[in-house]
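Participant: Dropping a structure here in structure tokens format, bear with me for questions.
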Amino acid sequence: MAVDMRLPTVKNSMSLSHSAADRKDLVVPGDVITSDTGFMRGHGTYVDEDKLTASVAGEVQRVDKLICVRPLKTRFNGEVGDVVVGRITEVQQKRWKVETNSRLDSVLLLSSVNLPGGELRRRSAEDELTMREYLQEGDLISAEVQSVFSDGALSLHTRSLKYGKLGQGVLVQLSPSLIKRQKTHFHNLPCGASIILGNNGFVWLYPTPGQQEEEAGGFYTSLEPVSLSDREVISRLRNCLLALAAHKVLLYDTSVLYCYESSLQHQVKDVLKPEVMEEIVMLTQQKLLEHES
């Protein structure tokens, strides 16, 4: 039986300018946010003896006079325009139910998807009967939040050609609070793979595709074998995502790429070892600080 032995090593001390202990915007339940009575109470707060107090652990956010606490670990609370990656759980009448890491299953209406071939017409009874040919249980999709129902459930759409059914790749499930909001969540990384950073914490890694036929209407999935080099790149990226998530680093294209570059001196299987993970994340944080300054 093979045994993996690791000897203790001297840890290099790396100074990071922003210490978590110095941050005033991080609170735990019971912390007094402010004793000023001029502020409005938002989500994650309550008033105790005329003092605004945090009811959850998270980051304090202020919008004018409104103060709320965004939890560090929570289910996905979607907003209109959010990019999500989800899995079809049920096919119903004129709609699909989608698991998107939120409190309730999201809804993808038949009228909110592109028909194969990009046809623009009303959906007929024939389309309803062939819904499983488009998407069936277990399929992964990328979509955008179109609206939010009164009970908090999300209505999705895949009308743009960049959304639709996902083919070969790896799904990584992380906390939604670690995904940084950006203008675009679809990135083709220079290392040879592409990434979809869903606002709901579901991250999709896949080989960078070639020219895709637009007639597919978002339902085209390539089933060609993925080369060994692409699989190694995707596996390294997956381990980098888990390392960054374990150390609570915000995930966006720059942080993922810096972490990938920092991990190249190690084998893919070694990236998730605790001491290697810590070293890679510290190097990534240093690069991010240098990039920001």
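Backbone N, Cα and C define each Cβ position, glycine as well.
Those TrEMBL annotations? Automatic predictions, nothing curated.
Pulled these from TrEMBL:
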type	residues	note
DOMAIN	26-63	domain 'Exosome complex component N-terminal'
DOMAIN	75-147	domain 'RRP4 S1'
DOMAIN	169-208	domain 'K Homology'
Participant: Sequence-remote contacts (6 or more beyond its ends) of the domain 'K Homology' (169-208), Cβ cut-off under 8 Å?
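Facilitator: Beyond its ends, the domain 'K Homology' (169-208) has Cβ neighbours at 58, 70-78, 82-86, 100-102, 140, 142, 162, 226-227, 229-230, 233-235, 237-238, 241-242, 244-245, 248-253, 255-257, 260.
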Participant: Can you work out the mean pLDDT of the predicted model over the domain 'RRP4 S1' (75-147)?
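Facilitator: Across the domain 'RRP4 S1' (75-147), the average pLDDT comes out at 89.
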Participant: Per DSSP, what is the helix/strand/coil residue tally across the domain 'Exosome complex component N-terminal' (26-63)?
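Facilitator: Summed over the domain 'Exosome complex component N-terminal' (26-63), the classes give 0 helix, 21 strand, 17 coil.
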